[in-house]
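**Q** Below: one structure in structure tokens.
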Amino acid sequence: MESKALLLLALSVCLQSLTVSRGGLVAADRITGGKDFRDIESKFALRTPEDTAEDTCHLIPGVTESVANCHFNHSSKTFVVIHGWTVTGMYESWVPKLVAALYKREPDSNVIVVDWLSRAQQHYPVSAGYTKLVGQDVAKFMNWMADEFNYPLGNVHLLGYSLGAHAAGIAGSLTNKKVNRITGLDPAGPNFEYAEAPSRLSPDDADFVDVLHTFTRGSPGRSIGIQKPVGHVDIYPNGGTFQPGCNIGEALRVIAERGLGDVDQLVKCSHERSVHLFIDSLLNEENPSKAYRCNSKEAFEKGLCLSCRKNRCNNMGYEINKVRAKRSSKMYLKTRSQMPYKVFHYQVKIHFSGTESNTYTNQAFEISLYGTVAESENIPFTLPEVSTNKTYSFLLYTEVDIGELLMLKLKWISDSYFSWSNWWSSPGFDIGKIRVKAGETQKKVIFCSREKMSYLQKGKSPVIFVKCHDKSLNRKSG
């Protein structure tokens, strides 16, 4: 009899040891409604506005009381933040910044951070493969919230960075009903550039998918960020290849000043810029950055795409207009090197006239814009070619809002090297009018020379043009 009691006690201890899971929770409690949630390895921390940096309370799939214990707000929208690959096995510094910005913009919302750090810390190809399992974990969690608490998935916005963007896409493809929105923050390129839609972020994964591409430098499949469009709207700030303030010269300067401690930050500077651009859109609600639809970044650099007709422009970030085109819309914009990132875009068209036929290559100019609010002086630009009796279009941007344009100055910069021909006489062109279109306001302005024609001479004083009246201003904008 005594041996039988000892056997029962041993079996009880054994069963208890088998059913206790991480954090002291009984794994059997994670089997509800016939569904087993014990295979979910990812953790779901509901962070608070008071403590955006710590995972103090976890929502545990299958454990209904965890939702009440964490004070989940069932009547508000929910943001789910999914991090990417990590070298350190720790959250990166952008995570609490994004959480804080989300709460500042939506104080009553729920901001959940998905912890898949143990899987994300592996060699990149291994971690890339784990995105499928992480996506499955997130989908099971969201389906449980919908089934158990009748929480509408239409209130859910997934935000995934790098590998996390693809995990978000996989999650969205597996939920019983579509989530409202997925934002891909520079989705990872290697292992995903040529992947089929079910294995990566795609437009089918949510009611609306918007993507920021910030580090696509390199050949397809080898660039850190994915190059091809994978959403309803894909935005490529500064062409998407590299971001201002993230150059090699800046890296060397920081290393000289601070040592090697910040090298990893500089390497991922452009990649992580996607997150900070989105944070900027949350914090600067009144001044969203505007992006413009264009067939190529080359056409955008010529200023040919600053139209807002038929949804050709859109806000970048949180306040984006949810335009679901039949095919993905590639959009471009310029930004500053630091927050606030917004700039003001202008298309400038100049016709170079003259009696002699001349062509010059790679010519440097400066233009100064003067408006009702401020001015932006000595903006440099280079034209690959300047020929007599041809019109050239190019893109300019200012970091300040100068208001309505009133006047501009144009200067042709002399070559840095000495030339006898330039010593005796420098080339020049006649310019009568300069046409400018402001992207943010869509206003067109024509500037005229004070004379019938102004002679712009290389290396000489700038030429002044003032706002003039022209019947063509009344034509419908294109």
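Using the three backbone atoms N, Cα and C, a Cβ is placed for every residue, glycine included.
What you see is a predicted model, and the numbers here were worked out from it, not measured in a lab.
According to Swiss-Prot, the protein carries these features:
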REGION    35-56  region 'Interaction with GPIHBP1'
DISULFID  CYS57-CYS70  disulfide bond
CARBOHYD  ASN73  N-linked glycosylation site
ACT_SITE  SER162  active site, nucleophile
ACT_SITE  ASP186  active site, charge relay system
BINDING   ALA197, ARG200, SER202, ASP205  Ca(2+) binding site
DISULFID  CYS246-CYS269  disulfide bond
REGION    246-269  region 'Essential for determining substrate specificity'
ACT_SITE  HIS271  active site, charge relay system
CARBOHYD  ASN287  N-linked glycosylation site
DISULFID  CYS294-CYS313  disulfide bond
DISULFID  CYS305-CYS308  disulfide bond
DOMAIN    344-467  domain 'PLAT'
CARBOHYD  ASN389  N-linked glycosylation site
REGION    420-424  region 'Important for interaction with lipoprotein particles'
REGION    446-470  region 'Interaction with GPIHBP1'
DISULFID  CYS448-CYS468  disulfide bond
**Q** Spatial neighbours of HIS271 (active site, charge relay system) among the recorded positions CYS57, SER162, ASP186, ALA197, ASP205, CYS305, defined as Cα within 10 A: which are they?
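**A** Near HIS271 (active site, charge relay system) by Cα: SER162, ASP186.
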**Q** Please report the Cα separation of CYS448 (disulfide bond) and ASP186 (active site, charge relay system) in Å, rounded to an integer.
**A** 43
**Q** Would you mind giving the whole-number mean pLDDT across the region 'Interaction with GPIHBP1' (35-56)?
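**A** Reported value for the region 'Interaction with GPIHBP1' (35-56) is a mean pLDDT of 94.
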**Q** Counting across all protein chains present, how many other Cβ atoms fall within 10 Å of the Cβ of ARG200 (Ca(2+) binding site)?
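**A** Neighbour count, Cβ to Cβ under the 10 Å cut-off: 25.
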**Q** Work out the three-state DSSP category of CYS313 (disulfide bond).
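**A** SS state of CYS313 (disulfide bond) = strand.
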**Q** Going by DSSP, give the three-state secondary structure for ALA197 (Ca(2+) binding site).
**A** helix
**Q** Just give me the nearest neighbour of SER202 (Ca(2+) binding site) among the recorded positions CYS57, SER162, CYS246, CYS294, CYS313, Cα to Cα.
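**A** Nearest listed residue in space: SER162.
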**Q** Please tell me which one of the recorded positions listed here (SER162, ALA197, ARG200, ASP205) sits closest to CYS308 (disulfide bond), measuring Cα to Cα?
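**A** Going through SER162, ALA197, ARG200, ASP205 one by one, the closest to CYS308 (disulfide bond) is ASP205.
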**Q** For the C-alpha pair, I'd like the distance in angstrom between CYS269 (disulfide bond) and CYS305 (disulfide bond), rounded off.
**A** 27
**Q** Over the span of the region 'Interaction with GPIHBP1' (35-56), count residues by DSSP class, listing helix, strand and coil in order.
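**A** The breakdown for the region 'Interaction with GPIHBP1' (35-56) reads 0 helix, 7 strand, 15 coil.
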**Q** Among the recorded positions listed here (SER162, ASP186, ALA197, ARG200, ASP205), which has the Cα closest to the Cα of CYS468 (disulfide bond)?
**A** ASP186
**Q** Using the centroid of the Cβ atoms of ALA197, ARG200, SER202, ASP205 as reference, list every other same-chain residue with Cβ within 8 Å of it (recorded Ca(2+) site), in sequence order.
**A** HIS166, GLY169, ILE170, SER173, PRO198, SER199, LEU201, PRO203, ASP204, VAL230
**Q** If you count the C-beta atoms lying within 10 Å of each candidate's C-beta, which of the disulfide-bonded residues CYS57, CYS313 ends up with the smallest number?
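**A** So among CYS57, CYS313, the disulfide-bonded residues given, the one with the fewest Cβ atoms within 10 Å is CYS57.
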